[in-house]
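Step one of this worksheet: look at the structure below.
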């Protein structure tokens, strides 16, 4: 794995298929369907516009021959425009930073956990030990409601936290992009554990009064890698609806993942998950290339769910008292290695190499292992480590806090490629590659790293 992974990072992984022969088995039927949709749309356009344009060309050639050449050039450019599929552009993104009164230090965490009366001495000591080794600093954010005596997970607390982080991220994004919500055609929202009725995506539509024909999707139960899945779904929808905007929102709700029992197998996630959310605005409008920050280059999804060990490595469980919590098996690191190896093999040849890497900031141990396995430099890991330290594990939105860090440090230059990697239950490893379309200046407003 190390040899293959290092090749990919430093110069790309060469395709293993025979030279010159397409790997038809690698194609998914959804792309065939999208191809048919694109072909039908293109045929309809040519049927409407080609005949009158040909008549115009014949008329000009006969009576105004001096204009024949520029008109021919125009026709060629027009045909090229319609025959070339539009790319998916990332206009901007925003990461929510909760208010300062929700900051929590490690000592505050332990003190509040003790005062809650929900944990015995063994549970307290375990959480203290995990916190000390977590890589999380003294300024991450947590809802205080989870430390209430006798606290049990409930929808009211979950909805309140969801509204805070989701609306906060979207408000900042809309202010930065200046896009009217009525122009948003597609909405994709992912949240792992909290799944409400009406859905969180419906909550967004109601709050912002989006159009009645908005293509809305709510992804749940897909873990920390669901942010990349949401981007993939939005990409396919943008290809089907050319010239549209897509809003993608990624979050996890801490007050709904919190475990208030004493089962030692369910306690560690308490020490890692922190509040956060990211909102991303995508576009398939060609004209938006000139104001977009990034262009989507490649996206690969890997699912190891066919293997029982992978499938059961992360799951939501209940203890004997009926309290739910997240279980993470001891095999998860090895499962993650195999998933990452498969993802890298599928990613194929990428040249030039990546200038920047954003690895899901789940824990210090995970980052250390990826650092070692892929033979990365400290600079490669800087964004992930700083994000874990400052914001903790914000789940699927973590990779966006990392990209925000790179922008804050003015590291994203025109032509740079950034590789975002997410891991999640199932077990899944998903990654996406973006290319910077311009030098990204440090944002003055919608960046969580601004003081």
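Cβ from N, Cα, C; glycine included.
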Candidate ranges 19-39, 40-60 [criterion: Swiss-Prot lists as transmembrane segment]: 40-60
Spatial neighbour of residue 224 (active site) that is closest, considering only the active-site residues 303, 356, 393 and their CA atoms: 393
Rounded mean pLDDT for the residues that make up the domain 'FAE' (82-366): 94
Cα separation, residue 393 (active site) to residue 356 (active site) (Å, whole number): 20
303, 356 as active-site residues, winner by CB count within 10 A: 356
Residue pair residue 303 (active site), residue 393 (active site) - Cα distance, angstrom, rounded: 22
Surrounding CB atoms that lie within 10 Å of the CB of residue 224 (active site), all protein chains: 28
